[in-house]
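Notes to accompany the following structure.
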Amino acid sequence: MEMLQGLLLLLLLSMGGAWASREPLRPRCRPINATLAVEKEGCPVCITVNTTICAGYCPTMMRVLQGVLPPLPQVVCTYRDVRFESIXLPGCPRGVDPMVSFPVALSCRCGPCHRSTSDCGGPNDHPLTCDHPQLSGLLFL
């Protein structure tokens, strides 16, 4: 009986290993296409731009006894390599710099979230919400 249980366990483990080696059920951390709303205080317009951002699944762990042991650091999908592109917002009044920069993800990684450079919160309910009217044209510089 023990031998049969051992063979069954071995069979289940070998099938699980083959299943786990395939493409993950959740997409891993990687650059994806996204549309961002860009506006600036003092300029009466909002422009949407197409860029790449980091998104996807990063494996994390939680302690079972959370009250006894300190929490484990959690990782997020964040930029590894990034460049910034700039656009000129049309219609800005004299004295207001019309240039606005936005990130373009070149590669991503799972790592700690640095609040100084990233939004560490969850997804926004309205990521394309603007305070000003939207324009459809872009001026890349």
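A Cβ is built for glycine as well, from the same backbone N, Cα and C atoms used for every other residue.
If you look up Swiss-Prot, you'll see Cys29-Cys77 (among others) marked as disulfide bond. Mapped onto three states, the DSSP output places Cys29 (disulfide bond) in coil.
The Cβ of Cys92 (disulfide bond) lies under 8 Å from the Cβ of Lys40, Gly42, Cys43, Pro44, Val45, Pro98, each on the same chain and at least six residues away in sequence. Among the features that Swiss-Prot reports, disulfide bond is placed at Cys43-Cys92 (among others).
In the three-state DSSP scheme, Cys46 (disulfide bond) is classed as strand. Within 10 Å of the C-beta atom of Cys46 (disulfide bond) sit 18 other C-beta atoms, taking all shown protein chains into account. The annotation disulfide bond is assigned in Swiss-Prot to Cys46-Cys130 (among others).
Marked as disulfide bond by Swiss-Prot: Cys54-Cys108 (among others). The DSSP secondary structure for Cys54 (disulfide bond) is strand. Sequence-distant contacts of Cys54 (disulfide bond), defined as residues of its own chain at least six apart whose C-beta falls under 8 angstroms from its C-beta, comprise Cys29, Arg30, Pro31, Ile32, Cys77, Thr78, Tyr79, Ala105, Cys108.
As annotated by Swiss-Prot, disulfide bond applies to Cys58-Cys110 (among others), with the evidence given as similarity to another entry. A strand conformation is recorded for Cys110 (disulfide bond) in the three-state DSSP classification.
Annotation source Swiss-Prot lists disulfide bond at Cys113-Cys120 (among others), citing similarity to another entry. The Cβ of Cys113 (disulfide bond) has 16 other Cβ atoms within 10 Å, all protein chains considered.
What Swiss-Prot records for Asn33 (among others) is N-linked glycosylation site, and it gives sequence analysis as the kind of evidence.
Feature annotation from Swiss-Prot assigns N-linked glycosylation site to Asn50 (among others); the stated evidence is sequence analysis. Note on Asn50 (N-linked glycosylation site): other Cβ atoms within 10 Å of its Cβ, all shown chains, come to 10.
The signal peptide annotation in Swiss-Prot covers 1-20 and is backed by similarity to another entry.
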| said: I need the nearest neighbour of Cys130 (disulfide bond) among the recorded positions Asn50, Cys110, Cys113, using C-alpha distances. | reply: Asn50
| note | Rounded Cα distance in angstrom between Cys46 (disulfide bond) and Asn33 (N-linked glycosylation site) is 19
